[in-house]
Amino acid sequence: MLKTKRKLTKAIGVALSISILSSLVSFIPQTNTYAAGTYNYGEALQKSIMFYEFQRSGDLPADKRDNWRDDSGMKDGSDVGVDLTGGWYDAGDHVKFNLPMSYTSAMLAWSLYEDKDAYDKSGQTKYIMDGIKWANDYFIKCNPTPGVYYYQVGDGGKDHSWWGPAEVMQMERPSFKVDASKPGSAVCASTAASLASAAVVFKSSDPTYAEKCISHAKNLFDMADKAKSDAGYTAASGYYSSSSFYDDLSWAAVWLYLATNDSTYLDKAESYVPNWGKEQQTDIIAYKWGQCWDDVHYGAELLLAKLTNKQLYKDSIEMNLDFWTTGVNGTRVSYTPKGLAWLFQWGSLRHATTQAFLAGVYAEWEGCTPSKVSVYKDFLKSQIDYALGSTGRSFVVGYGVNPPQHPHHRTAHGSWTDQMTSPTYHRHTIYGALVGGPDNADGYTDEINNYVNNEIACDYNAGFTGALAKMYKHSGGDPIPNFKAIEKITNDEVIIKAGLNSTGPNYTEIKAVVYNQTGWPARVTDKISFKYFMDLSEIVAAGIDPLSLVTSSNYSEGKNTKVSGVLPWDVSNNVYYVNVDLTGENIYPGGQSACRREVQFRIAAPQGTTYWNPKNDFSYDGLPTTSTVNTVTNIPVYDNGVKVFGNEPAGGSENPDPEILYGDVNSDKNVDALDFAALKKYLLGGTSSIDVKAADTYKDGNIDAIDMATLKKYLLGTITQLPQG
């Protein structure tokens, strides 16, 4: 992925705006303004907000609504001794870039500020507020002391060189900061805007949190205002370089004014206006681009128009919206043949839907020129309908007709081999994600390597979410009741492949390879073992003690591999097994070597004997007779003692392991309500930090709701012994 090409700068914008302007040979598609909904805007809004749950980094909450994401980035900030866990991953990668992240959070807060009734009615207020708080909790961590701000976690180059799920990242994730000696005005001001806008929407429900946000917003704004420099903002270069900071300062100051009612901030916001970008060789405030992470003066001028009613801001925002709709002095943004207002190849839908949100906000204000109200509202509807399917296909993952199936997103893809081509399908549906969008001729290919048109990102959904709230408010649609992204597991998460490495008159040598291809969620396994079962009737008939057979291993990819001697399973039927223990080996779905461990082991009768017969062995059945391995099911695999793959022969011990404290899910040597909470979190979506063997309170080899019910009965005193079953 050439993420560098997602970078937008005003310099590029000026150059491109010249090439994309077109004569007004046609007008934007006419619609019946806010007619009965063409699409289910409620469902689209619901899923667009859910998208941000899939982007979360850090310690995920117990009430999460999926079963394929888990804690990740839990060491973020450890290199500088600061807890920098949390926040959102930027796009289809795992870097946390605070400039676009803070822009995104502020845009979501703006939408909630404008249309809280729509969120209340649709039942989405909790979810959008959770998302806004998730981002801003992280920003507060990034400002551990006044004058210091960590603006990025992760190295773009190292991050982009690996293709795998966030939960099993192994690369170093450096932290980068700005301060007085190395300033970053744009990112500090942008984050101040996010925190201040969060304070606005949390003021009534959580005034203490709102005040905390204001405190950090003021600190970051002061840093940005005093420095007026981006000289220290270097780590994001080539990804999210900033072309200016005065727009961010105005944006932040407006939100601080709304949060504090301190007119000093309103004055500050206006004081930066002369430094905003201008159209080439004019004194006209730039209008031939759109609201985005690198240029927020459009949002600032719209809010200033509403707050001050000054003609300067009204004229400027209307020129911008006219450029996107009817045109200005004979020029306007390009339109595709099917009606998308097309600004730029990277995130074309992001730009169109964000401008649609601004158009919707402004059209509802009484200060909007009356003759333009319907034009702006029509624009809002046409652009959102394009994204939702007016061309015959949806551009939103998990929504509508023919939605994208292969977005450029590592964790949603779920590769265990560090390859975007394996598997050939996406294991997860990242609901609500708006893909980049078509080219200027409506062309679009739904391919995972198409990072230009098919990547997804936090900022792509920001204005889109706000526009959907507008459409829901006016045209309705029903969110899906109790919607969750609980997926059916579509493949065995841990498997074993084996073959016959070598054989002789007195021995069998097995080549076995264990694979971790977990995805619900992806996780590191370090307690894997497997059993090779044998029918040793011929050994017993020869008068030999089966336990005297010799086992050995001449090759293992793991440093911690332990091959047991022959152990009894069902003595009455002469069934025995060898246990191969890989405890201590970190096997994870992160590469062709990382996801597997190979072991070659031998079971031998005494030298010179000829009674050895492997063909009646349970685990020999289905085993390839060459060293070319294939998946086998009669060599069961265990994770921390719990069978996760394959079959066992009949028999075996039915007695509980006396060393296991059943019900002690969190391994604190007690069985109490904390264990119930830990098991509930595991079942709601997954955490790998439980003792799965102790959690099997019903003793059926599965961890499920039956175990939770059994544990509950035990805690309530209905039953007095664990395990049951």
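Each residue, glycine too, has its Cβ placed from N, Cα and C.
Sequence annotations record features per position, and here Swiss-Prot assigns signal peptide to 1-35.
Here Swiss-Prot flags ASP93 as active site, nucleophile. In the three-state DSSP assignment, the secondary structure recorded for ASP93 (active site, nucleophile) is coil.
Per Swiss-Prot, active site is recorded for HIS408 (among others). Secondary structure from DSSP puts HIS408 (active site) in a beta strand.
The active site feature in Swiss-Prot is assigned to ASP446 (among others). According to its DSSP assignment, ASP446 (active site) is coil.
GLU455 (active site) is surrounded by 23 other CB atoms, counting those within 10 A of its CB over all protein chains shown. Taken residue by residue with DSSP, GLU455 (active site) is part of a strand. Per Swiss-Prot, active site is recorded for GLU455 (among others), and the stated evidence type is sequence analysis.
Feature annotation from Swiss-Prot assigns domain 'CBM3' to 489-650; the stated evidence is sequence analysis.
Residues or ranges marked as domain 'Dockerin' by Swiss-Prot: 658-724.
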Spatially speaking, which of the active-site residues ASP93, HIS408, ASP446 is closest to GLU455 (active site)? Use C-alpha to C-alpha, please.
HIS408
Report the mean pLDDT of the predicted model across the domain 'CBM3' (489-650), rounded to a whole number.
96
With neighbours defined as other CB atoms within 10 A, the best-packed of the active-site residues ASP93, ASP446 is ASP93
How does the domain 'Dockerin' (658-724) divide up by DSSP, counting helix, then strand, then coil residues?
28 helix, 0 strand, 39 coil
